[in-house]
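What follows is one structure encoded as structure tokens, with my remarks underneath.
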């Protein structure tokens, strides 16, 4: 069994940065992520949206930021496993940990950093007829690449910020955009809703009944007025169902880490109640400190957790790695 200095659980921005920082500290690292692609919410929820609150980037597409984080994480050649769920952790007799996955694999490690965010993300589905049949054949739950919708007739289902933002984003490139919402009040920002009515056809009090197609792609959608039950058939090329994502932490609450709701309780060193186990990012909650779900905050927490873990492994190690600009490993 391969032994690691650190296993990082979660491949979002914080997990990726932690993996990089572990390499910077000369720690053999393994990154495990349950999603199909590294990047966390950046790629799963809003890859085509701009991110403005990460230092050094006045504005960057979420997907591009994720790609740069992945590139940085791979700098010191960590082992990476995606589409694999960290199912259980167990303490060994020699004071190490074994991380067991849903694929039946076991990884022995000196420390663990949990950066799982909200957990494995799966889209909320409506259960409309044809929805599952045409998933990824015209039915989508987010916009991965805006160019995929160029010249297409798009139907968006939802009334929150994501649904309205996608409508505004796609309107300039799509042939047409129609948005339906089951109520007449939107959860989205008021200004965005006003813009929505200028660029899209909007049906309030309407829901999706059925998605139709030719077996290979979507061709129509059936919507209905939930007050009168009157139906409309729309010719569409794509249906984006934007009603949210669910986060699943799996068996994590059974691992023995102290949790409050969905948060893992940590101290100022990002330590949990378990020796050698740390948490950072959205999943970490530090008592007495404000909780800010910001990528920038998570980066700092990851650096602290990795540095403390380094000293846990080697008490003689320096807590501070030094400035990267002065490290030989970065000099060519």
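A Cβ is built for glycine as well, from the same backbone N, Cα and C atoms used for every other residue.
The shown structure was predicted, so the numbers you read here are calculated from the model rather than taken from an experiment.
The feature FAD binding site is assigned by Swiss-Prot to 33, 41, 46, 86, 121, 282, 325.
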Count of other CB atoms lying within 10 Å of the CB belonging to residue 121 (FAD binding site): 20
Once DSSP output is merged into helix, strand and coil, residue 46 (FAD binding site) belongs to coil
I want to verify one value. Collapsing DSSP to three states, which class is residue 33 (FAD binding site)? coil
How many neighbouring Cβ atoms, not counting its own, are there within 10 Å of the Cβ of residue 325 (FAD binding site)? 7
Spatial neighbours, same chain, of residue 33 (FAD binding site) - Cβ under 8 Å, 6+ residues apart: 9, 10, 11, 12, 15, 80, 81, 82, 83, 84
Which one of these binding-site residues has the most other Cβ atoms within 10 Å of its own Cβ: 41, 282? 282
What's the longest C-alpha separation between any two of 33, 41, 46, 86, 121, 282, 325, the listed FAD-binding residues, in angstrom? 37
